[in-house]
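**Q** Handing you this structure, nothing more for now.
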C-alpha cells in the first residue's frame, strides 16, 4: 500500500476519514484489469478476459485445422450432393444461385457466427448455453437435442444404404448394370418388374430395400439393411466414443476425402460426352424464376440446413475452442467452403447427368428410328418424307429431329397413332432427381457406362459414407456434449449406450417399409422445429440478452469490434427472415397433402399415397415432441418449479464464480477497514466508453458479459457492475439472485 494512502494516514491522525472506496482505489497502484474478473467496463488498450484459465479440464482441439475440418465435415453433408443440385435444376439453374447467395449473407453467416460465438464464450453444449443466456428459454437446448436424436436415427440409415452399395461395388459387371434373368424351365425371360422400369431402379427398390407397396405393410425386417445399419452405428460409435479426441482425428480423413473424390469425378465427368451440355443447362439462368416466392423459400431452407444451424453440433464443437479464437473468421470461412462445395458437387452431378441424358437421348433416337423404319417398310409412311442424306444405320439426333418435324407436319391428323417420341435432350436434362433417386438410381446408372465402373462406384459410395459420417459426428456431439456438461456420467459408457439405443430404435427404418419412414422423419422431424429453435436463439441473444451487450462481449472476447452489419442482421433482418420462413413452411405444410411416394410392384412405378391416420398422427407427433421442451421449461421456470440450471454450471464457470465471490469478500473487507458497511456499493469513476452498437444508437444500458439469469436482469456481474449509482440511492446488496 502506498505511503500516502488514506489508510496509512489514519494510523497517524485522529482526523475522520470521509473518502470513499473510489478515492482509496484512485490512489492505489493501477489494477491488472486483464486478470480481473470484476472488470466489465472496457479499458482502452486492454483486452478484457473474464474467463477462467484454459486448463479447466475441458477437452480442447489439438489444432485449429482439426476444428475447421470438424465444422466443415458437419456442415458439408449429403444435402450438398443430392439436394443442392436438384434445387438448381428445379429453380432456374444459375438464377437460383443469386437468392441462395443473398440469403447466405443475410441468414447463414450471421446466425452461424452467433452460434459459434455463444458456444466459444460460454464453453458448454446447447443445453448449458441457453440455460446460461436465459433460463426461461432453456428448452431451446433440449429441443435441439431432441431433433438431433430424430435426425441421427434416420440419417445413419442412409449411411447404411451407402455401405451396402459400397460392398456391392466390388464386382464386375456391377450388379445393377443389367436386369436379372428369370428362368422357367427352358425359358429365360427378363424380370418383368425390371423390364418395366430399369436395372438400377429395380436393384434399388427390389434387391436393396425389397420395399412394400404401402407404409401400412411393414414386411418384416430386411436382414441386409439391418446388418448395414449395425455396421454404420459401430463406425459412428468408434468415431465419437472419446469425444473430440477421437472424432477430431477421424475428421482429417472424412472431411478431406470427399473433395478428392469430387475433383476426380469432375475431371472424369468433363471428359464424358454430353458433360458440357449438362453444365451449360445448369448454369443457363432462367431469370423469371427469381420472381417466384417458392424459389426464395427453398433457398432459405437450404441455407438453413446446409450450415447445420439449430442442431447443437456447431455450438458443441465451438465450445472446445480457446476463448480468444477468431470465431468470426471461422464463420465466414466455413460458410463459404460450404457454398463452394455445393457448387463443386453441382458441377459434378450435372456433368454426369449430362452424359446420362445424352445416352438416354441416343437410345430414344435409336428406338424411334427403328419404329420409323418399320412404318416405311409397311408403307404406313412414304419414303418421300425421309431426306435423302439420312442414314438409319447411323441416325443422329439432328437427323431424327428433322424427320420427326416433317412427319408431324404431314401426318398431323394421325400423328399420335405413330407413338413417336420427340427425343429432345433438354427434356432429359429437365427430369428432376433428388435425394436417394439421384444417388442410388441416376448416378449409379451413369456409372455403369464408365470405363472401370466398379472403381468409380467404390469411390462414389465411399465418398457418401464419409460425407454422412462427418454429419453424424456433429449430430452425435450435439447430443453427448450437452448431457456430459450437465451430468456426471462416463463419456465412453454414455456414448456406447446412445449408439445401442439408437440402433434398436433405427430398426423401424430397416423394415421393408422403412424407406417410407425415412421420408416421414426427413419431412417432419427437423424442418419446422429447427426453424423455431433458431429464431428463439436469435431472439434470446438479440432482444432478451441484448445485441449491444452481445457485441461488447464479442469485442472483449475477440479483441476487435465486429462490423455493425451483424448488429442489424441479428437485431432486425435475420428474425424477420426467419419469421417469413416459418410462415411459409406452415403454409406449405397446410397446402401440400401429407403423403409419400410408394413403389407399386405391379406397375414398377412410384405413386403418391396419402398417409393413413395413424401415420399422420405420427408425423405431427414428431413436431410436437421436438418442440414440447420449449413451453414446458418456460412454464416450469416461470413458476419456479424447476431449477434455473445454475447449479449445473461447467467446471470453468464454477471456478469463475468462486473467483468473483472471493473478490466480493475482499472488497467488503476493504470497506470494513474504512468503517463502511459491508456490501455497500462503491462509487468508482465511470469506465471508459464501451461499444454501444452502431453510431446513432442509444447508449448501452447495462454492458455486461454473458451471465446466468441474464434474462431475469440479475447476475454476479450485474451486482458489481461499475456503473455510478444515482445520488442518495440506497446501497445495492452485493449478492447474486436467481430468478
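Keep in mind that glycine also has a Cβ here, set from the backbone N, Cα and C atoms.
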**Q** Quick one: which of 160-183, 184-207, 256-279 does TrEMBL have down as transmembrane segment?
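**A** Based on what TrEMBL states, transmembrane segment spans 256-279.
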**Q** Please identify the range among 2-23, 24-45, 332-353 that TrEMBL labels transmembrane segment.
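**A** The range carrying the transmembrane segment annotation in TrEMBL is 332-353.
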**Q** Out of 403-429, 565-591, 646-672, which range is noted as transmembrane segment by TrEMBL?
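**A** Residues 565-591 are the ones TrEMBL records as transmembrane segment.
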**Q** For the transmembrane segment entry in TrEMBL, name the matching range from 48-66, 67-85.
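**A** It is 67-85 that TrEMBL describes as transmembrane segment.
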**Q** Thinking of Cβ pairs under 8 Å, which stretch from 225-244, 256-279, 455-481 has the most of them with the transmembrane segment (493-512)?
**A** 225-244
**Q** When you check the transmembrane segment (225-244) against the transmembrane segment (455-481), do you get at least 3 Cβ pairs under 8 Å, counting only pairs 6 or more apart in sequence?
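**A** Counting Cβ pairs under 8 Å, at least 3, so yes.
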**Q** How about long-range neighbours of the transmembrane segment (524-545): same chain, 6 or more residues beyond its ends, C-beta under 8 Å?
**A** 111, 114-115, 118, 130, 133-134, 137, 140, 143-144, 146-147, 150-151, 154, 301, 304-305, 309-311, 570-571, 574-575, 578-579, 581-582, 585-586, 589, 619-620, 622-623, 626-627, 630, 706, 710-711
**Q** Give the residue from the binding-site residues 80, 338, 471 that has the most other Cβ atoms within 10 Å of its Cβ, counting over every protein chain displayed.
**A** 471
**Q** 76, 467: which of these binding-site residues has the sparsest Cβ neighbourhood within 10 Å?
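**A** So among 76, 467, the binding-site residues given, the one with the fewest Cβ atoms within 10 Å is 76.
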**Q** Can at least 3 Cβ pairs under 8 A be found between the transmembrane segment (97-117) and the transmembrane segment (299-320), with each pair 6 or more apart in sequence?
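**A** Yes, since the transmembrane segment (97-117) and the transmembrane segment (299-320) share at least 3 Cβ pairs closer than 8 Å, they count as touching.
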**Q** Can you see whether the transmembrane segment (67-85) and the transmembrane segment (455-481) are touching - at least 3 CB pairs under 8 angstroms, only pairs 6 or more apart in sequence?
**A** yes
**Q** For the transmembrane segment (129-155) and the transmembrane segment (565-591), check the count of CB pairs under 8 Å (sequence separation 6 or more) and say whether it reaches 3 or more.
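**A** Output no: the transmembrane segment (129-155) is apart from the transmembrane segment (565-591).
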**Q** Using the centroid of the Cβ atoms of 73, 76, 80, 338, 467, 471 as reference, list every other same-chain residue with Cβ within 8 Å of it (recorded Na(+) site), in sequence order.
**A** 72, 74, 75, 77, 78, 79, 255, 258, 341, 470
